[in-house]
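Structure first, then comments.
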Amino acid sequence: MNCSSTAVLLETVNFAAEKHRNQRHKDPEGTPYINHPIGVARILSHEGEITDVEVIQAALLHDTVEDTDTTFEELESVFGATVARIVQGVTDDKSLPKAERERQQVEHAPHCSHQAKLVKLADKLYNLRDLNRCTPEGWSAQRVQEYFEWASQVVKGLRGTNAAIEEKLQQLFLERGVKL
């Protein structure tokens, strides 16, 4: 990675950290939310061997529009059209009911750009590992299992994107008795 890539990624991390600064995970420790997008970016870099800086940027920013006051226009103006487009490809419409958002994720997964599919895969892997580590407050064992089953449906539509990440997801699904 060259110096300008490092500077770009640090600027992206700083932007995401500012946007997510008051958010916490639903785990008992109240982990800072920024750990999630950083973890998703790290999975892409370290496990998926992704070196495309724009994909890593999109991973760092993937929840900013969905969960903060960030707009796609702001992302495009600060980080460029490609990063904004990748983030758009992984962003749910929060105005829709949760069940409809989940249905759309399954339906839209096969039609995303390759770059958006990478972010989706890493996001699912991070979330499933997190659920194995610690059940969110208010979640039953059944809800966790249902999340795994739903995530497997999304991941089915992302097959052929990144063998290393898909293999790790497959292992998690097998451990849970969920067919892919």
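Cβ coordinates are placed from backbone N, Cα and C, and glycine is handled just like the others.
Residues or ranges marked as active site, nucleophile in Swiss-Prot (evidence: similarity to another entry): GLU66 (among others). In the three-state DSSP reading, GLU66 (active site, nucleophile) counts as helix.
For ASP67 (among others), the entry in Swiss-Prot reads active site, nucleophile. Take the CB of ASP67 (active site, nucleophile) and look out to 10 A: across all protein chains shown you find 17 other CB atoms.
Feature annotation from Swiss-Prot assigns Mn(2+) binding site to HIS36, HIS62, ASP63, ASP123; the stated evidence is similarity to another entry. Listed in sequence order, the residues of the same chain lying 6 or more apart from ASP63 (Mn(2+) binding site) and placing their CB within less than 8 Å of its CB are HIS20, TYR33, HIS36, PRO37.
Helix, strand and coil content of the domain 'HD' (33-128), in residues and according to DSSP, is 72 helix, 0 strand, 24 coil. Look at Swiss-Prot and you will find 33-128 tagged as domain 'HD', backed by sequence analysis.
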Using the alpha carbons only, what distance in Å do you get between GLU66 (active site, nucleophile) and ASP123 (Mn(2+) binding site) once rounded? 14
Residue, out of the recorded positions GLU66, ASP123, whose Cβ gathers the largest set of other Cβ atoms within 10 Å: ASP123
Around the Mn(2+) site (HIS36, HIS62, ASP63, ASP123), what further same-chain residues have their C-beta within 8 angstroms of the site's C-beta centre? PRO37, VAL40, ALA59, VAL90, VAL119, TYR126
Largest tally of Cβ atoms lying within 10 Å of a Cβ, found at which of the binding-site residues HIS36, HIS62: HIS62
